[in-house]
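If you look up Swiss-Prot, you'll see Lys27 marked as active site, schiff-base intermediate with substrate, on the strength of sequence analysis. Look at Swiss-Prot and you will find Lys85 tagged as active site, proton acceptor.
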Amino acid sequence: MILLVSPKDVAEAYEAIEGGADIIDVKNPPEGSLGANFPWVIKEIREATPEGRLVSAAIGDVPYKPGTVTLAALGATVSGADYIKVGLYGTRSYQEAVDVMKNVTKAVKYVGEDKIVVAAGYADAYRIGGVDPLVIPKVARDAGCDVAMLDTAVKDGKTLFDHMSIELLKEFVEETHKYGMKCALAGSIKIEEIPMLKEIGCDIVGVRGAACTKGDRNEGRIQKDLVKEIVKVCKE
């Protein structure tokens with residue numbers, strides 16, 4: 001299973017790289033679950049990341065404003081991100097979600113066909129009025145995305161597993177694979193929960209808090225030793 005670790009600056013990115021993370025995912029935690037960082041931070045982290053190691057960028061917990069979101073996606077792409085992650089926070093229906101993601105895919109693939117577009121929904125969508133998480137694979141498929149992902153919108157200590165059973169997560173993974181896409185799961189995931197994700201066939205696991213001091217995504221800092229421990233579990 002591939003490990004995605006989400007640094008907020010270059011110093012944390014070096015820790016994630018030295019710890020062995022497969023994907024370096026540029027994020028800005030104060031702006032939310034998939035908070036967007038600045039273009040220059042993405043660029044700096046891309047330059048600091050060894051060739052062959054992929055860089056991802058979250059572009060925000062986005063509203064239903066396809067034009068705005070598409071411009072943000074384009075900005076992340078030209079700043080050097082290989083993966084473009086879109087948090088479908090303000091889309092209230094399947095159609096709105098597809099509308100956003102289809103336009104994002106068009107913009108990103110215009111820059112590079114090899115760029116990877118991630119449609120991210122939320123396991124706790126019921127708390128924010130978002131799209132049902134089990135609809136996300138269809139959204140990703142119909143918008144031409146490469147990856148369907150789930151995270152948690154509200155960071156209050158509850159994990160992915162507090163909002164969805166392992167059976168529902170397995171259903172999400174299987175449907176994503178049926179459509180020929182990769183599946184990514186995140187959401188305050190603890191190191192001891194990772195084997196369950198491996199068991200259901202998850203392709204990519206995303207973490208920040210688990211790789212930070214005190215397990216704190218906001219106040220903590222990513223440490224390479226913690227990343228190494230997570231890598232070991234992912235690769236076992």
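From the backbone N, Cα and C atoms, a Cβ is placed for every residue, glycine too.
It is 10 Å from the Cα atom of Lys27 (active site, schiff-base intermediate with substrate) to that of Lys85 (active site, proton acceptor). The most densely surrounded of the active-site residues Lys27, Lys85 is Lys85 (count of other Cβ atoms within 10 A of its Cβ).
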